[in-house]
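Participant: Features from Swiss-Prot:
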- 1-28: signal peptide (SIGNAL)
- 47-127: disulfide bond (DISULFID)
- 78: active site, proton acceptor (ACT_SITE)
- 79, 82, 84, 86, 88: Ca(2+) 1 binding site (BINDING)
- 80-85: disulfide bond (DISULFID)
- 133-335: disulfide bond (DISULFID)
- 213-242: disulfide bond (DISULFID)
- 224: N-linked glycosylation site (CARBOHYD)
């Protein structure tokens, strides 16, 4: 595996996105759900074109910028993991608030907040004050998976937006570190109701996108690095791709390596790499060796349908975590400000 040029990524993505729209399958329960007050038909009467508007807004953007899907998926993960899926990650500091969740080093590289805001603007023209920013984040992440070749997941909607953004301290405590191991990861997702199989599946989100070198270099400073399932040749590759500068330097932050050999396609290559010890992060390597997770890694590598089904189930659980519904939250007119 080697770093991909933006031209190569763009060409691959442009061709693949058209095919993925034809091949994606809808996975998920289509019936009404009372899970956290969400519903699969929430906007049926108030904004029936919501999913169409979100998808059409994203399709052209993904062709122009093939890194967008991974950015939107990460945006959703980081929003949901800090006090639930409430679009707080989109808010600018409120009044005298100095350090918000976006100031956390763990949120380094968060992008495409503006794209969510642009989609929200389009929705306001179609159906004012009906669709929450938190639902837009979930739908955008869902479509990011589908438009790169993954399953088109049916997600319940009806989330409301928060009135404030958590502090940097809260984000620091709730987002996992780049050095997270299997124990930390399984505990994190178990708290969101996921089985081990679903936890391994949701890690498959790493099949698209890149890893910044500041997170890769932290592995080499880890005293337990020698116990990781890491191919020595791949370690050499990482050291060449991410030279020995400080993990906190600007050079480390600006340099990155692809997550797997098909980093613009949502497929099972991540699991092939995990088995072979070719993971950028510690968890990416250890997940293929730990006896609790390896059977599922092997199963997903061999059976894409099983991976897609487990990922879809995990995605719905994560996107339904600690949501605000009814009068618990609001619907912002503009995503980065409270009305």
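Any Cβ shown, glycine's included, is placed from N, Cα and C.
Surface or core, plus neighbours and distances: that's what I need for these features.
Facilitator: Look at residue 47 (disulfide bond): DSSP puts it in coil. Sequence-distant neighbours of residue 47 (disulfide bond) (same chain, 6+ residues apart, CB-CB distance under 8 A): 123, 126, 127, 130, 131.
DSSP gives residue 78 (active site, proton acceptor) a helix state. Under 8 Å, Cβ to Cβ, and six or more positions away along its own chain, residue 78 (active site, proton acceptor) finds 89, 106, 107, 110, 175.
In three-state terms derived from DSSP, residue 84 (Ca(2+) 1 binding site) belongs to neither a helical nor a strand segment and is classed as coil.
If you take the C-beta of residue 80 (disulfide bond) and look for same-chain residues 6 or more apart in sequence within under 8 angstroms, you find 318, 319, 321, 322.
Reduced to three states, the DSSP call for residue 335 (disulfide bond) is coil. Counting only same-chain residues at least 6 apart in sequence, those with a Cβ under 8 Å from the Cβ of residue 335 (disulfide bond) are 87, 90, 91, 113, 116, 117, 120, 133, 136, 161.
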Participant: Whole-number Å only: compute the distance from the Cα of residue 213 (disulfide bond) to the Cα of residue 84 (Ca(2+) 1 binding site).
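Facilitator: With the alpha carbons as reference points, the distance is 28 Å.
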Participant: Cβ within 8 Å of the Ca(2+) 1 site's Cβ centroid: which residues qualify beyond 79, 82, 84, 86, 88?
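Facilitator: So the extra residues in range turn out to be 80, 81, 83, 85, 87, 89, 101, 134, 162, 166, 322.
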Participant: When neighbour density is defined as the number of other C-beta atoms within 10 angstroms of a residue's C-beta, which of the recorded positions 79, 127, 213 has the lowest density?
Facilitator: 127
Participant: Expressed to the nearest Å, what is the distance separating residue 82 (Ca(2+) 1 binding site) and residue 242 (disulfide bond) at their Cα atoms?
Facilitator: 29
Participant: For residue 85 (disulfide bond), which residues of its chain lie six or more apart in sequence with Cβ-Cβ distance below 8 Å?
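Facilitator: Those within reach of residue 85 (disulfide bond), by Cβ under 8 Å and sequence separation of 6 or more, are 76, 79, 134, 137, 138, 159, 318, 319, 320, 321, 322, 323.
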Participant: Distance between residue 88 (Ca(2+) 1 binding site) and residue 242 (disulfide bond) at the Cα atoms, whole Å?
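Facilitator: Between the alpha carbons of residue 88 (Ca(2+) 1 binding site) and residue 242 (disulfide bond) there are 33 Å.
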Participant: In whole Å, how far does the CA atom of residue 84 (Ca(2+) 1 binding site) lie from that of residue 242 (disulfide bond)?
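Facilitator: Distance (Cα to Cα, whole Å): 33 Å.
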